[in-house]
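To keep things clear, I will list the structure first and then write my remarks on it.
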Amino acid sequence: MPVITCIDDLKRLHKKRAPKMFYDYAESGSWTEQTFRENTSDFEQIRLRQRVAVDMSNRTTKTQMAGQDVAMPVVLAPVGLTGMQYADGEIKAAKAAEKFGVPFTLSTMSICSIEDVADNVSQPFWFQLYTMNDDAFTKQLIDRAKAAGCSTLVITLDLQTLGQRHKDLKNGLSAPPKLTAKSIADLATRWRWGLGMLGTKRRMFGNIVGHVDGIKDPADLAAWTGDRFDLTLDWEKVAKIRDWWGGKVILKGILDVEDAKKAAELGVDAIVVSNHGGRQLDGALSSIRMLRPIVAAVGDKVEVHLDSGIRTGQDILKAIAMGAKGVMIGRAYIYGLGAMGEEGVTKALEVLHKEMDVSMALCGHRDINNVDENILLVPEDFEGRWA
Ligand SMILES: Cc1cc2nc3c(=O)[nH]c(=O)nc-3n(C[C@H](O)[C@H](O)[C@H](O)COP(=O)(O)O)c2cc1C
């Protein structure tokens, strides 16, 4: 077993062990990838204030997100095709999250279905909804999530149409992979992955196949999903979906103060400041740069979470200090999963927790709930002056 000390170690193993088309799918931003890169590099511009001779015993990272107790302010973000990074990936990640005491969010575009995950965990998980232009299918997904006991609906607002990711087109991304000379040559070197996949039946989009008439193989599925995202989605429709669900709702993909105000007016349980990990609007500002303006505008009306670019526990600490109640992580746990399944997701959570906890102590704090902007050194023009 290799010595894992940081998320980058898991990323290297993920690259080695998962088929190239799935590693590339995770490690992509849209078009030039400027926003994808800046999501992480902007965190590096913020520095932490070292404090000394402060009692650092009896520390805690426990808090609440959207009214739920969490062992640390982290949620596993919805990630499509997770079950292609590692066999039964969504189930493995959900189990690791449950054992650690943080919520897991299942994507609409998962390989394991809502029911598959529910059968394998004992605590309620969160379900992420992509709104489809077929209301009957959207309602069916909502009903299935309710029946499976999901506690929170995360509605993603920043993907009504897909930002282009060049690598996916070049690799011919599909689930399961199409067998071409190139993909067979690549799969031949990923024996661990192949063995896992041979041992599971879950190899297509589990929330769709078997739930929509006429979809039997990947070609039917690709044609169906290609034009199913709801181009007409607006705030009225968001309110309607919130009412269909009738429980806790989080709106994901807010990056603008005006949109944050509209979300807060709807009276949802939380919003996630996010640019989808740099996979949608290339040229948008990083999430961490937009966090303070959004917290200043709506922080007293709605709980604010952040994702996009979290790779270390120090990043989490910075987001919390800037006013986020918690963060979602995407790639940080996907690297762990692709590297070594459930154990890898647990490792990713342990790494992030230790980095956050020790750094919090070195900043002079014992309780994550008391961390504030005083621990930060932020460049004066961090948010930028844009005309
Ligand atoms: C491979 C991949 C697939 C994703 N699929 C979804 C998805 O199905 N639904 C969704 O709301 N967000 C999806 N996202 C976005 C994540 O939920 C999250 O916003 C993003 O990963 C955060 O950035 P990070 O990866 O830098 O942590 C995806 C992200 C990645 C990397």
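Quick reminder: no glycine exception, Cβ is built from N, Cα and C everywhere.
Because the structure is a prediction, the values reported are computed rather than measured.
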**Asked** For the glyoxylate site that TrEMBL assigns to R165, H276, R279, which of Y23, Y25 is also named?
**Response** Y25
**Asked** Between G330 (FMN binding site) and R165 (glyoxylate binding site), how far is it from one CA atom to the other, in Å?
**Response** 17
**Request:** Compute the C-alpha separation of T156 (FMN binding site) from R279 (glyoxylate binding site), stating it in Å without decimals.
**Result:** 13
**Message:** To see if you understand the setup: which same-chain residues, six or more apart in sequence, place their Cβ under 8 Å from that of R279 (glyoxylate binding site)?
**Reply:** S28, G29, S30, F36, G163, R165
**Fill in**
According to DSSP, Q128 (FMN binding site) sits in strand
**Message:** Can you give me the average pLDDT across the domain 'FMN hydroxy acid dehydrogenase' (1-381), rounded to a whole number?
**Reply:** 96
